[in-house]
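Structure, as structure tokens:
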Amino acid sequence: MTSRIRVKGERPYDVVVGAGVLGELPGLLGDDVRTVAVVHPASLPEISRPVCGVLEAAGHTVVALPVPDGERAKSVEVAAELWSAFGRYGVTRSDAVVGVGGGATTDLAGFVAATWLRGVKVVQVPTTLLGMVDAAVGGKTGINTPEGKNLVGMFHPPAGVLCDLATLVSVPRDDYVAGLAEIIKGGFIADPTILLLVEDDPEGARVPEGRHTRALIERKIQIKADVVGADLRESGVREILNYGHTLAHAIERVESYHMRHGEAVAIGMVYAAELSRLSGHAGLGLVERTRSILTSVGLPTAYRLEAWPELREHMRVDKKNRGASQRFVVLDDIGKVARLEDPPEELLEAAYREVAR
Ligand SMILES: NC(=O)c1ccc[n+]([C@@H]2O[C@H](COP(=O)([O-])OP(=O)(O)OC[C@H]3O[C@@H](n4cnc5c(N)ncnc54)[C@H](O)[C@@H]3O)[C@@H](O)[C@H]2O)c1
Ligand SMILES: O=C(O)C(=O)C[C@@H](O)[C@H](O)[C@H](O)COP(=O)(O)O
Ligand SMILES: [Zn+2]
């Protein structure tokens, strides 16, 4: 069965979900495109080759552009290599980029598409759980800099997103489970049914063939589609998708991006829940449920106590900040998102002590 989730906005597009749906790719690209630059991790030839094959069979001139694996691709150096390649191969405004891989690859592919010739079409083909339910949908593209995570980027919505569930079978277990963090985030901010489905079968949630896998994926994509369809540029409601990310990005920076994004988000959500509780927004129940659901699927919930001063410095560089004002996404309850502005330092530290215990 193939499903289509519509993302509204200035240029609406579909997220196509199904097993063995690669044949839908030419349709998502449209008729006007001649050359297609396929950006993919060098380590995944068995996944990028069929993508290139489908495009060639549809009559496109295909340029396969391998990039480093995972987060190492999200650098200005790799972006510059791709811009050079686009120049060499003559990628024009009527051509397109296809990003194939995990969220790191689709973030990079989206970014180079957004910046090349001031914006060419991109279609995303996410091949990890996290890429499907979060990174490839919504048009946030970007790279990391020494100062922090995703600090350089553009809002550049794709022309389509193709989630071939068949690709999930080869995703390493820890990477798959990391994607669950973003699904669980969706449960806390907007759709409590997600939490019930994970709690009903935590073991099943950890594998692509789980009883509720398809529902979890589609529900999370639907949340993302609804939110970014209403607020592409994060001037309001989109901030809810950043729940847990203030600490998460700081941890990733401290770990020099060697910790998986989803794992950092899991710890970040415990911090956000503790911040919600200690600031009087939410009750103890939120914190307990956060810890228990994350633990049940094997995600981390704690980080080193002594890292706090360094983490605190990195948290100051966050896109939600406005001038000297530091802003956090917290919960009043499950599905009820609130903002916390300039909380006292003692509160921020007290919440962290709970995470470090
Ligand atoms: N733009 C957004 O809105 C958004 C949202 C969430 C996360 N992100 C970003 O996404 C990134 C994390 O994405 P991720 O968790 O997919 O990590 P990732 O892209 O690093 O992929 C994880 C690993 O899985 C491998 N892989 C990918 N597909 C595979 C497959 N089908 N079979 C076997 N191996 C496969 C990759 O090569 C990599 O080694 C972070 O950079 C994060 O900042 C962006
Ligand atoms: O789509 C969004 O908006 C999100 O915040 C989703 C996050 O899961 C994602 O990690 C995003 O890349 C973080 O964005 P950033 O603006 O904080 O870098
Ligand atoms: Zn995220």
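Indices start at 1 and increase along the chain as displayed.
Each residue, glycine too, has its Cβ placed from N, Cα and C.
No curator has checked TrEMBL annotations; they are predicted automatically.
Feature annotations, courtesy of TrEMBL:
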- 69-74, 103-107, 127-128, Lys140, Lys149: NAD(+) binding site (BINDING)
- Glu182, His245, His261: Zn(2+) binding site (BINDING)
- 66-176: domain '3-dehydroquinate synthase N-terminal' (DOMAIN)
- 179-321: domain '3-dehydroquinate synthase C-terminal' (DOMAIN)
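Each of Leu130, Asp134, Ala181, Lys185, Gly244, Ala248, Gly262, Ala264, Val265, Gly268 belongs to the same chain as Glu182, His245, His261, is absent from that list, and has a C-beta within 8 angstroms of the C-beta centroid marking the Zn(2+) site. Proximity of the binding-site residues (Asp69, Ala73, Gly103, Asp107, His245) to ligand 1: a Cβ under 6 Å from the molecule is found for Asp69, Gly103, Asp107. Rounded to a whole number, the distance between the Cα atoms of Thr105 (NAD(+) binding site) and His261 (Zn(2+) binding site) is 13 Å. Proximity of His245 (Zn(2+) binding site) to non-local residues of its own chain (separation of 6 or more, Cβ distance below 8 Å) is seen for Val265, Gly268, Val329, given in sequence order. In the three-state DSSP assignment, the secondary structure recorded for Lys149 (NAD(+) binding site) is strand. Other Cβ atoms within 10 Å of the Cβ of Glu71 (NAD(+) binding site) number 23 in total over all chains. Listed in sequence order, the binding-site residues among Glu71, Ala73, His245 whose CB lies under 6 angstroms from an atom of ligand 2 come out as His245. In the three-state DSSP scheme, Thr128 (NAD(+) binding site) is classed as coil.
In the structure as shown, the Cβ atom of Thr128 (NAD(+) binding site) sits within 10 Å of 26 other Cβ atoms.
Around Gly103 (NAD(+) binding site), the same-chain residues six or more apart in sequence whose CB sits under 8 Å from its CB are Pro126, Thr128, Leu130, Gly131, Asp134, Ala135, Ala136, His261, listed in sequence order.
Summed and averaged per residue, pLDDT over the domain '3-dehydroquinate synthase C-terminal' (179-321) gives 97. Glu71 (NAD(+) binding site) and Glu182 (Zn(2+) binding site) have their C-alpha atoms 17 Å apart, to the nearest angstrom. In three-state terms derived from DSSP, Asp69 (NAD(+) binding site) belongs to neither a helical nor a strand segment and is classed as coil.
For Asp107 (NAD(+) binding site), the same-chain residues lying six or more positions away in sequence with a CB closer than 8 A to its CB are Lys74, Ala135, Lys140, Thr141, Gly142, Ile143, Asn150, Gly153.
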